[in-house]
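Asker: Quick paste of what TrEMBL says about this protein:
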- GLY73, LYS74, GLY75, GLY76, VAL77, GLY78, LYS79, SER80: ATP binding site (BINDING)
- CYS247, CYS250: [4Fe-4S] cluster binding site (BINDING)
- 8-37: compositional bias 'Gly residues' (COMPBIAS)
- 1-59: region 'Disordered' (REGION)
Amino acid sequence: MGTAAGERAGGTAAGEEGSGGVGGSAGLPGTGPGCWGGRPDTGSRRRFPRSTPAAPGPGNLAGVRHILLVLSGKGGVGKSTISAELALALRHAGKKVGILDVDLCGPSIPRMLRAQGRAVHQCDGGWVPVFVDQEQSISLMSVGFLLENPDEAVVWRGPKKNALIKQFVSDVAWGQLDYLVVDTPPGTSDEHMATVDALRPYSPLGALVVTTPQAVSVGDVRRELTFCRKTGLQVLGVVENMSGFVCPHCAECTNVFSQGGGEELATLAGVPFLGSVPLDPELCGSLEEGRDFIRDFPKSSAFPALFSIAQKVLSQAPARLS
């Protein structure tokens, strides 16, 4: 399969733009002459194998049937939670799933799937993603695998972020996948444009838009739907996260963050409403511990909503993204 990326030479402090740390080009794969990034690679703190840009064409995404971007105009609404749990639910439905984590400044997916500290290997086709289960039914690529330690800040300007996103798209050997779930940062800026532009030549793209019920969140997420229209992204639907808290003792639901905002937004935008996911301590605990929530907590309050959302994606994606 190749050798693991594990070179860890000394260098300047991490997070400093232009230095040998995480903020500098030395930490990027393939940032030497002839590669994106432009600066010579000093070898400092590099954990990815070197790679050169792939030629235009289907390349490493040729075997991916559907690509789903998880988006929101608001931070803190649970995009990574929805991405991780959707991938797990699709896996339990018998699908092969990849997760591309392009939230470069907040890569939380490796922790949620208990994959921190794994090494990325090189093969003839490019970088081998990290497999999070023995059956190799879920594969993952994230900048989190690049960090020397989890407390380091990724202090990169737009061009450097865009370069890494392009390399993730072109150089990761995903193999055959039914779904590639792309976890994005909040907003509608550089990373989003770079991701959409890089993925557009490949499989049909669809978007899941995540919000919480309150008006402040819905207002920001409405702009994300505008972004989808402007970029030609097909919206599979809206997911309302943190939709009430169900008491584990009496089963009464308390609407901590108002109610109904996600469904109202979907109606006004003319897109499907996929479901409401309640606040659930068991879901939070499983994410903290990197457990398989779909397998381990089938009686929890959030399980029916997450399972239903996955079933709607399975039934709608082939038709809406064809």
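Quick reminder: no glycine exception, Cβ is built from N, Cα and C everywhere.
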Asker: Around the ATP site recorded as GLY73, LYS74, GLY75, GLY76, VAL77, GLY78, LYS79, SER80, what other same-chain residues have a C-beta within 8 angstroms of the site's C-beta center?
Answerer: SER72, PRO186, VAL210, THR212, ASN241
Asker: Can you tell me how far the Cα of VAL77 (ATP binding site) sits from the Cα of CYS250 ([4Fe-4S] cluster binding site), in Å?
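Answerer: Their Cα atoms are separated by 26 Å.
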Asker: What residue among the binding-site residues GLY75, GLY76, GLY78 has the most other CB atoms lying within 10 A of its CB?
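Answerer: For the binding-site residues GLY75, GLY76, GLY78, the Cβ with the most other Cβ atoms within 10 Å is GLY78.
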Asker: If I take the alpha carbons of GLY73 (ATP binding site) and CYS247 ([4Fe-4S] cluster binding site), what is the distance between them in whole Å?
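Answerer: Cα of GLY73 (ATP binding site) to Cα of CYS247 ([4Fe-4S] cluster binding site) measures 29 Å after rounding.
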Asker: Nearest of the binding-site residues to CYS247 ([4Fe-4S] cluster binding site) by CA-CA distance, picking from LYS74, GLY78, LYS79?
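Answerer: So, of the listed binding-site residues, the one sitting closest to CYS247 ([4Fe-4S] cluster binding site) is GLY78.
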Asker: Measuring Cα to Cα, how far is GLY76 (ATP binding site) from CYS250 ([4Fe-4S] cluster binding site) in Å?
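Answerer: So the Cα of CYS250 ([4Fe-4S] cluster binding site) lies 28 Å away from that of GLY76 (ATP binding site).
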Asker: Cβ-Cβ under 8 Å from LYS74 (ATP binding site), same chain, 6 or more residues apart: which ones?
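Answerer: For LYS74 (ATP binding site), the qualifying residues are PRO186, THR211, THR212, VAL216, SER217, ASP220, VAL221.
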Asker: Would you pick out, from the binding-site residues CYS247, CYS250, the residue whose Cβ has the largest number of other Cβ atoms within 10 Å?
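Answerer: Buried the deepest by this measure is CYS247.
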